[in-house]
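According to Swiss-Prot, the Cu(2+) binding site annotation covers H18, H92, Y186, on the basis of experimental evidence. Per Swiss-Prot, the feature O2 binding site maps to H178, Q184. The disulfide bond annotation in Swiss-Prot covers C65-C189, C104-C111, and the record cites experimental evidence as its basis. Feature annotation from Swiss-Prot assigns N-linked glycosylation site to N152, N220. As annotated by Swiss-Prot, signal peptide applies to 1-19.
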Amino acid sequence: MYRTLGSIALLAGGAAAHGAVTSYNIAGKDYPGYSGFAPTGQDVIQWQWPDYNPVLSASDPKLRCNGGTGAALYAEAAPGDTITATWAQWTHSQGPILVWMYKCPGDFSSCDGSGAGWFKIDEAGFHGDGTTVFLDTETPSGWDIAKLVGGNKSWSSKIPDGLAPGNYLVRHELIALHQANNPQFYPECAQIKVTGSGTAEPAASYKAAIPGYCQQSDPNISFNINDHSLPQEYKIPGPPVFKGTASAKARAFQA
């Protein structure tokens, strides 16, 4: 169940800009994340990442976990518990926040996040309502991602109620849109063992592959934030957010 982190070389210049998740608080317990500028062989819950620089293509395999290759440890949490991720630094105030989970088919040691198994547990965009909204591009503070710039650089999400137990990856993703038509993706992954006796699992309509949940040409990915002649709208990419028991009940009612 445990794996040792491999070593990876980093350029010091990568620390000068952008950012990455470097710590977590899960179910009230603090967990250090991977520190790319510290000695190798770190026993942490987070998949190692190469640097603070973005993934620039929606089809790049690194989009899944920023090139991460596994972790030695995992956190334990129950449905309804809170996951808080903290970034060491963050400077971009326009774009969405997406938080995903993925149920591993077995042990973490063989879990690579492949296939259409990723589901969102949280998202925030312009004013954080997760729907198409009119966007005032001259007011970057209208984006919830701006809270990472002016606040403590942390974002909290809840594990879906009634989520079935098992080994999961949790993936935090920031998509910076401050450069028109040139999106920047910042994903990191960590390992969580969900406990309890829940039975809620997302249906196929809530799941997606990463990469694959979006295309580079999508209007909400290659987004011209500076073009005021266009209808100023933004819809967060990907499937709807899975809320666990509530989502399962809603689906059963619709059926």
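Every residue, even glycine, has its Cβ placed from backbone N, Cα and C.
Overlay of Swiss-Prot annotations on the structure.
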| residue | record | DSSP (3 states) |
| --- | --- | --- |
| H18 | Cu(2+) binding site | coil |
| C65 | disulfide bond | coil |
| H92 | Cu(2+) binding site | coil |
| C104 | disulfide bond | coil |
| C111 | disulfide bond | coil |
| N152 | N-linked glycosylation site | coil |
| Q184 | O2 binding site | strand |
| C189 | disulfide bond | strand |
| N220 | N-linked glycosylation site | coil |
Among C65, C104, C189 [disulfide-bonded residues], residue with fewest other Cβ within 10 Å: C104
H92 (Cu(2+) binding site) and N152 (N-linked glycosylation site), distance between Cα atoms, whole Å: 14
Candidates H92, H178, Q184, Y186 (binding-site residues) with Cα within 10 Å of C65 (disulfide bond): Y186
Top Cα neighbour of H18 (Cu(2+) binding site) in the set of recorded positions C104, C111, H178, N220: H178
Cβ atoms near C111 (disulfide bond) (within 10 Å, other residues, all chains): 19
H178 (O2 binding site) and H92 (Cu(2+) binding site), Cα-Cα, nearest whole angstrom: 7
Shortest C-alpha distance to Q184 (O2 binding site) - which of the recorded positions C104, C111, N220: N220
Greatest C-beta neighbour count within 10 angstroms, which of the binding-site residues H18, H178, Q184, Y186: Y186
H92 (Cu(2+) binding site): tally of other CB atoms within 10 A of its CB: 23
